[in-house]
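Here is what TrEMBL records for this protein:
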type: BINDING; residues: A:90, A:95, A:131, A:135; note: [2Fe-2S] cluster binding site
């Protein structure tokens, strides 16, 4: 959850990174930095609240609505609080052919939650996504930047147990 | 052994690093291009090669390049489309992960040919780890003098920027990609003007797929004629095929265009056949958008000749008996696969991914998703099957971008070739909704 008592601001490292990203584009085209900055913000806060979006709008000298309309278009941005580990599993054809639906059923059962839900301890959120471009290695899910491929029920158990430790 | 243009060195340990890539002959094309060739000569070689856009549309790359407007004093841009999101397709993911410098080298020679000094690689945001791999490769190339100011002592400057997407299939459409790169929602633009005239920041822009660009170093090194001598007819060169589904060896294969589909599925060099104890029922040959074909029609043309892995042979017979090479996303389905369910997951995908700009697509994809869902769950009626055909027809050709067509074709083709299976779901709802139930009617398996 976002701590609403402290004002939203990037860490010094992320702020430097944000400035470096903004400088990549031609003068006056800083809005191009919007998606990279939203990723950076989500990396820091876990999700993208309206306060975070307002902050990003300020960094880019654009209107907050320009950030809202973009953040709500792209499915990678979480507009509501999420658990520590967001498991995004691919529900598209090829993963289903490889037994994805059974594996995801097992995953839901193991965590005791359905897609779109977060475990009561706040550790895991399940999110159903479309094709992750890893069809030959399906079934697949992604947690942050890491891909977990060729999933089986056994592998799911191992991954969840490992992540439950921290 | 067939000639490998893209993957010859892919298994060399450390090929993802600059030093090893360079030792294997990498970046020779940059040296040749900058020291011995003019931009026009490179464009000419690419034209001669006959290489066609590898993202799915198959438009001749050299011709696309030659459309680029060159007004005085206006910057030109090259944008690499690495938004690979077509279900069944994972070749660009593989190529960038395994041999990132090949794309970087291609970006340099292509940018030089087009007169671009700032070029972008737009990578789907989910592949953040691949973005990190590319950024490392760019830093290495820059340190070695292949990027930045006065590359190799020439007067040519180039900066490469890797841009993450945010999770939207539509951004694979080139004008949606440009909107996204400008920090907007990925709504495709009306055309004309085409990107070649008004693209990124309203400047002349070329958008090319990863695999297309990765072909250019070989073309510069060996010449367009050498490239054109590979393959069959207008299907020149090699093609990366992403193979998934019920085959023994899923993965990415670089095939010479022109091998038979049968060889591709059954030869040990490629997919190694259908998994033990099972038989081929159907194939989606070029990514989820292209028409599905039953086993007999994917292996053979309507006249009985063997079908080849080429643009022309795969589309032989039009949509009545053919399909398309598309992005090369090759999904094989055995007899345990339910065509209705698979069609529904694709329809759900297009419904989810429609940007919502055009009514036929926004509404139509939703209708197809819902109607297929109810047929799959034993709640459909016979009229629903014709309703699907009708909705698909009304989307096709009536939208700003090809997502509408891409959503319509899988549904229309599944009903064209597997109507019995849809009818079985309607007539036998109880049987059809048993876990793992699949229609085993008069269908021909191979």
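Including glycine, each Cβ sits where the backbone N, Cα and C put it.
Here the Cβ of residue A:90 ([2Fe-2S] cluster binding site) has 28 other Cβ atoms within 10 Å, regardless of which shown protein chain they belong to. Candidate binding-site residues A:90, A:95, A:135 yield A:135 as lying near chain B, with Cβ-Cβ distance under 8 angstroms. Listed in sequence order, A:90, A:92, A:93, A:94, A:95 are the same-chain residues at least 6 apart in sequence whose CB falls under 8 Å from the CB of residue A:131 ([2Fe-2S] cluster binding site). The number of other Cβ atoms within 10 Å of the Cβ belonging to residue A:95 ([2Fe-2S] cluster binding site), over all protein chains shown, comes to 29. Around the Cβ of residue A:135 ([2Fe-2S] cluster binding site), the number of neighbouring Cβ atoms within 10 Å comes to 32. Residue A:95 ([2Fe-2S] cluster binding site) carries a helical DSSP state (H, G or I). Mapped onto three states, the DSSP output places residue A:135 ([2Fe-2S] cluster binding site) in helix.
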